[in-house]
Amino acid sequence: MNSSLTAQRRGSDAELGPWVMAARSKDAAPSQRDGLLPVKVEEDSLGSWEPSYPAASPDPETSRLHFRQLRYQEVAGPEEALSRLRELCRRWLRPELLSKEQILELLVLEQFLTILPEELQAWVREHCPESGEEAVAVVRALQRALDGTSSQGMVTFEDMAVSLTWEEWERLDPARSDFCRESAQKDSGSTVPPSLESRVENKELIPVQQILEEAEPQGRLQEAFQGKRPLFSKCVSTHEDRVEKQSGDPLPLKLENSPEAEGFNSISDVNKNGSIEGEDSKNNELQNSARCSNLVLCQHIPKAERPTDSEEHGNKCKQSFHMVTWHVLKPHKSDSGDSFHHSSLFETQRQLHEERPYKCGNCGKSFKQRSDLFRHQRIHTGEKPYGCQECGKSFSQSAALTKHQRTHTGEKPYTCLKCGERFRQNSHLNRHQSTHSRDKHFKCEECGETCHISNLFRHQRLHKGERPYKCEECEKSFKQRSDLFKHHRIHTGEKPYGCSVCGKRFNQSATLIKHQRIHTGEKPYKCLECGERFRQSTHLIRHQRIHQNKVLSAGRGGSRL
């Protein structure tokens, strides 16, 4: 009996395959106590798959992309998928080189880049930040650049560049630092002068005059850039080289009125002796400043934009590796007057002013931002996620809930600066302020009534009898769009206004207000004849007829006498 059970178990194990056998091998010791023989799994049974990667390991970013983008359909089975994921993760995080803190920093950095808005993600990823601090610096610089477009009328690429000190440059992989230098030399068709290259490698500060002499013996370079271009700058990533190839436009470097601009000097700050003005002990302060110790390694004009031999700069410029920044300012001009030095930023600005790429599939209305489209779609779906805790009323937008809550709190945050009257909503304040601006009032030619320009066309409909808003259900017409919306609730049966006391619901807010007076006992309408008060205006009108009838009766009796 036992032998037959053992044979059956062995047969089922053979059907399950070596994967299950390997998992059971972990429990080999308990199995021996139970009298079961351990089964050794041959390595060949796991398959002969090996990672199909080249001998030279790819860079961590490539491995990360392969790790995130791997699909189960691309591999032969679960074993291969798991093995490949482990290998890609190891090549990405490099546990044999990085500490636990560094690995955690990489994971946090990846998640930080993931949650960034799409328009920022591309910029930050192009700079390949090595830490979260570098990524934050890029985001802040880009935000400052975008915020400053209206005041400065110019966006410069340095606002979006990652600052690399000599220490950070040394921490870069040799392949990456060499690639940055080789890319710069390849794009410019030039090489570093030997005298300067050795001193740059040794982190020595080169006198300004020597830089100018090495780069331009005739001294025309200083004349061409007097007061216009920076001499010391940040070492930017190779993103600029790629952008120049794509757009053909140089990216000007200019960083002003920002923390990164400390120690950022231009040729206009260079005196005749070739030193920086404001430095007490020649270059001692520069040596102590990590920000100022970064000489520009690569900033070049695209080949199409370089001056010819006959131009002022001369042919020597093409063969020299400049330690100064040279850029031709060719801003993109927008209709609003803002200038942009990069086509991507110009495209973003153009979308904000013109394009509405997000379109509603129900009504065809377009929006500039995706969030506005989501907010609009709640009109069609009827979703009202924001509810008032006082009365239970729900709203589709948080701003509408905020306005509604002021009816409970009595808050009136909007104040008229001329008369001091306060209002709950900004629209009410704007309507009130029109009473102070008499110049915007117009007189109706039909009846002589004076009204604001915003209400003039609405008032003229009273005389013309125009009713442009028509109900498709019953073909009833209305003068105002709001009246049509209120009327629609009769057909849909919608009653959005509910009483917080008794739960009764109404299709109009005015009806709810009248109903609530039953619970509060409020009687706002007062008869001027006898002082009696009423909850509704219709009740007051009915009551006033009593006094009118008494007057008429008294008049008839006097005439008879």
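Backbone N, Cα and C atoms are what each Cβ position is placed from, and that goes for glycine too.
Feature annotation from Swiss-Prot assigns phosphoserine to Ser12; the stated evidence is similarity to another entry. Annotation comment: Swiss-Prot describes Lys40, Lys203, Lys228, Lys254, Lys282, Lys443 as SUMO2 cross-link, evidence class similarity to another entry. Residues annotated as region 'Disordered' in Swiss-Prot: 43-62, 238-283. The domain 'SCAN box' annotation in Swiss-Prot covers 64-146. What Swiss-Prot records for 155-230 is domain 'KRAB'. Look at Swiss-Prot and you will find 238-247 tagged as compositional bias 'Basic and acidic residues'. For 265-274, the entry in Swiss-Prot reads compositional bias 'Polar residues'. As annotated by Swiss-Prot, zinc finger applies to 358-380, 386-408, 414-436, 442-463, 469-491, 497-519, 525-547, with the evidence given as sequence analysis.
For the zinc finger (525-547), the DSSP-based tally of helix, strand and coil residues reads 11 helix, 4 strand, 8 coil. The zinc finger (469-491) shares more Cβ pairs under 8 Å with 497-519 than with any other stretch in the list 414-436, 497-519, 525-547. In the three-state DSSP assignment, the secondary structure recorded for Lys443 (SUMO2 cross-link) is strand. Here the zinc finger (358-380) is broken down by DSSP into helix, strand and coil counts: 11 helix, 4 strand, 8 coil.
Sorting the zinc finger (414-436) by DSSP state (H, G, I as helix; E, B as strand; all else coil) yields 8 helix, 4 strand, 11 coil. Under 8 Å from some Cβ of the zinc finger (497-519) lie the Cβ atoms of residues 390-393, 486, 489-490, 535-536, all in the same chain and six or more residues away from its ends.
In the predicted structure, the zinc finger (414-436) carries a mean pLDDT of 83.
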